[in-house]
Every structure is written in C-alpha cells, then in structure tokens.
C-alpha cells in the first residue's frame, strides 16, 4: 500500500496517514461517533434506482448504509475501524431487524471480495492508498448493470470537506470528476453524473467542496 508519510499539508504539517490507527482514533471520539444527516448526494443519485444489493465502502458509523437499508437495499457496510462499526451497530439497534445492514471490518485498500454488488457507494473514504487507486478498486466491485456512486473531496485550491475528519486531506485523498471518469473510460461504463459542487454542511455552516460521480456498469 502507498501511505502518505512523505506528504505535507498547506500548513506545512505532515499530512495524516489514513491507516487503521488513524481511523480508530478518529471514530473513538464522541463528536464523530454520533449520528449525522444522510448525505444528500446519495438521496439524489439513488432516487431512480431499483433496490438490490449494495456496498457502502468506508461506511463509518453507518448513516448512509442504514438509510439505504431503509429504502429496501440489502446492504453491506464495510470499514477499517472497529470503533466506527461498533457505533454503527449501536445506531442500528433501533431499526427493524430486516432493515439492518451487515457490517464487516476490512481494509478497503487490500480487500478482495468475491461478491459483486448492484450498487457500490463511497462517501469521503480515504484508505491508505492513493485516492484514484481506491476508486479503481470500487469500480471492480460493481456487478454488470450495477451503479457506482463516488462522493469525495474535490481536488484543487481549498478543496476539502471536513465532515469525517478535521484535517485538510492531502492531494492523494482528493479527486476531480475528470480523474474519476477517466478511470471509467473504454466503453464498459456510462457516466450518469459528474459534478463538482459546493454545499453547506447543515448545523455547522462549513462549505464542503464535493466531487460526485455516478456511473452504470454496462458489462
């Protein structure tokens, strides 16, 4: 795996290393382990999809995975952090048993699942590998006819989102629509959405600079 030990942020401080110890510490804080509103990009981009199997890659405390399950999807929530998944299970305890996702603790940078899903989603997930390498892995987990939805931090001056961490991510943890869609070139995919948008995080007043790509796997 490629780590970020040699990277620095704009402030000159070393960039965070998005490995298991980082995420365990991150999700062990009460402020991050609480429940948050579902990502609006997920609601918008899945509105016309027929529920099937879904993978939330880097599910954190399970907000989006639980929402998908409530819409009729059979959801697997995967994350490297045991602390995050413990919070996800706790939050899902009040849900109808039939609507609860399956939770698995894995390193998404090296995981090799046998299954393929009708929907693979990821929201601001940063494994300890370059971001586009991670997006390429996500694309490989989508079943033919299925959908890939990536919501990430936009690359560029000031491009960051602080919904899941307090640090400005290094360049390797950001992306552009051009970078992601280039991974999906060659006729195997149809690009349905490719947007770079700013949105205000409810209750915090911070502006998140997002990249949103939705694509359908044709074969």
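Using the three backbone atoms N, Cα and C, a Cβ is placed for every residue, glycine included.
Keep in mind that what you see is a predicted model, and the values were worked out from it rather than measured.
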Among ranges 133-153, 154-174, 175-195, whichever one TrEMBL labels region 'Disordered': 154-174
Counts of helix, strand and coil residues, the domain 'Methyltransferase' (55-146), according to DSSP: 31 helix, 25 strand, 36 coil
